[in-house]
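**Student:** My structure is below; once you've seen it, I'll send some questions.
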Amino acid sequence: MAMVDEPLYPIAVLIDELKNDDIQLRLNSIRRLSTIARALGEERTRKELIPFLSENNDDDDEVLLAMAEELGVFIPYVGGVEHAHVLLPPLETLCTVEETCVRDKAVESLCRIGSQMRESDLVDWFVPLVKRLAAGEWFTARVSACGLFHIAYSSAPEMLKAELRSIYSQLCQDDMPMVRRSAATNLGKFAATVESAYLKSDIMSIFDDLTQDDQDSVRLLAVEGCAALGKLLEPQDCVAHILPVIVNFSQDKSWRVRYMVANQLYELCEAVGPEPTRTDLVPAYVRLLRDNEAEVRIAAAGKVTKFCRILSPELAIQHILPCVKELSSDSSQHVRSALASVIMGMAPVLGKDATIEHLLPIFLSLLKDEFPDVRLNIISKLDQVNQVIGIDLLSQSLLPAIVELAEDRHWRVRLAIIEYIPLLASQLGIGFFDDKLGALCMQWLQDKVYSIRDAAANNLKRLAEEFGPEWAMQHIIPQVLDMTTSPHYLYRMTILRSISLLAPVMGSEITCSKLLPVVVTATKDRVPNIKFNVAKVLQSLVPIVDNSVVEKTIRPSLVELAEDPDVDVRFYANQALQSIDNVMMSG
């Protein structure tokens, strides 16, 4: 009996589960659609499952979203590309629902299916679907339609193409701003499929309408269209049609539109070419850098290095640098922060003399900024300047500021300096490092913030790797060992951490003679936290030293700790002993 009913079973279960009150069951059922389709076979999937899904009027967005996603990869289950059109009706319904993310997913799935369909099927099934959605009564259908034109257009015959262009043009003048927004967003994709003859006439007139829209949310999407269309047009057409629009947008009454221009300006420059950039876009960019809205200045400041790369150094110094000077003392900390994150990149563009004359004072003022993020952004990019002005000048001008930051009250700034130290050390060289920064590195081991102490221990390891064990033996190990008697147990913990990190770099001999005795002494510490960390460190030293040292020194210390009154100390000591046994057995 079961055998006979088997093929009917999956669809019956699916129907039951899709009508269940429990959303989780409905979701699971949708996620298993491909399995059910496989069980039903291609024909029954086409004739029963897909029609059922088309009629399924679930009201939960999560279920609908899952369904839109599943259907996008369903072509193999309905019998391949020649039957792909059966998947269009349920997705068409999903294109009209209220929830945006469901509609977006349905459009994405339709595009995926449409891009695989045969040309004749696209004309018979896909183009009519786009036309129905574009003429939909409810705005959601028209919004979805805009995202499908680029798939429908290329395979349509000439008459249909003209009709599709005119429908798109109507959508760009729709009463609902949401539809116009969607049309503006998708214009670049649609334009890329349109023949160049119609680009200038039809597409540019559509674009002009959008750029003059009364809603700023539509205009700001048209800014993105500028860059996309600019890439499709010939340079001279680009200058004639796109450039005036960009210049107007950079003075738009809505700050959101100006913000989009500031964000996209580099791409727009690429579209119009170098000459118009110099004559028309430099003044537009200068206006944006001096905009009265902080958000616009932030976006513009973040692009300053990219923009200068397009210009000659003379133009950059003449027009952009005065604005950069103003921005470095801008009233908004976020503007200064955005500038600090890119300004270092201007050094290679301007060259050595201009950097020394114009940029160094700006770097110094940003390094002394009251807002930690601004200082951080400068520190993290110092190497870009070093390549241009050389280490001597960098050290004279910037090092005092770095030393000051090393004692900054914001721990994140101190942390950034520590992380930068190894890079700085490799650039400055040993001699210079010892004079200026050596003492700082030790000082950080006794910072009040754990993250700083931890980073300082890592920093010592990286320095030992950079300058070699002999240097470390002279400059790091003695100071580290001096701190082992620190009265504060947290500092003693940091020293243990440093020893475990330095041992692999220093090698077996120094570890046995200098580091191991300190760790063994610490087994007598009165603080349990120290003792269980000793157990962990001893475990980490096992691979570095000889077996004889393990047996003579490390094992006895661990055996002693394994009998400690504190439960954690006993646990870690036993864990270390066990790992020694494992090493010995495998060795």
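Backbone N, Cα and C define each Cβ position, glycine as well.
Since we're looking at a predicted model, the values are computed, not measured.
The following feature annotations were taken from TrEMBL:
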- 10-48: repeat 'HEAT' (REPEAT)
- 164-202: repeat 'HEAT' (REPEAT)
- 203-241: repeat 'HEAT' (REPEAT)
- 242-280: repeat 'HEAT' (REPEAT)
- 281-319: repeat 'HEAT' (REPEAT)
- 320-358: repeat 'HEAT' (REPEAT)
- 359-397: repeat 'HEAT' (REPEAT)
- 398-436: repeat 'HEAT' (REPEAT)
- 437-475: repeat 'HEAT' (REPEAT)
- 476-514: repeat 'HEAT' (REPEAT)
- 515-553: repeat 'HEAT' (REPEAT)
- 554-587: repeat 'HEAT' (REPEAT)
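I'd like to know what surrounds each of these features in this structure.
**Tutor:** Residue counts for the repeat 'HEAT' (10-48) by DSSP state, with H, G and I taken as helix and E and B as strand, are 33 helix, 0 strand, 6 coil.
Confidence across the repeat 'HEAT' (164-202), taken as the mean pLDDT and rounded to a whole number, stands at 75.
Away from its own ends, the repeat 'HEAT' (281-319) comes close to residues 243, 246-247, 250-251, 255, 258-259, 261-263, 265-266, 268-269, 272, 274, 326-327, 330-332, 334-335, 338-339, 341-343, 345-346, 349-351, 354, 358 of its chain (Cβ-Cβ under 8 Å, at least six residues beyond either end).
Listed by sequence, the residues of this chain that lie at least six past the ends of the repeat 'HEAT' (437-475) yet keep a Cβ under 8 A from its Cβ atoms are 403, 406, 411, 414-415, 418-419, 421-422, 424-426, 428, 430, 483, 486, 490-491, 494-495, 497-498, 501-502, 505-507, 510, 514.
Across the repeat 'HEAT' (515-553), the DSSP tally of helix, strand and coil residues reads 29 helix, 0 strand, 10 coil.
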**Student:** Going by DSSP, how much of the repeat 'HEAT' (554-587) is helix, how much is strand and how much is coil, in residues?
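**Tutor:** Reading the DSSP string over the repeat 'HEAT' (554-587) gives 28 helix, 0 strand, 6 coil.
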**Student:** So which residues does the repeat 'HEAT' (164-202) touch in its own chain, when a touch means Cβ under 8 Å and the partner is 6 or more beyond its ends?
**Tutor:** 127, 130-131, 134, 139, 142-147, 149-150, 152-154, 156, 209-210, 213, 215, 217-218, 221-222, 224-225, 227-229, 232-233, 237, 241
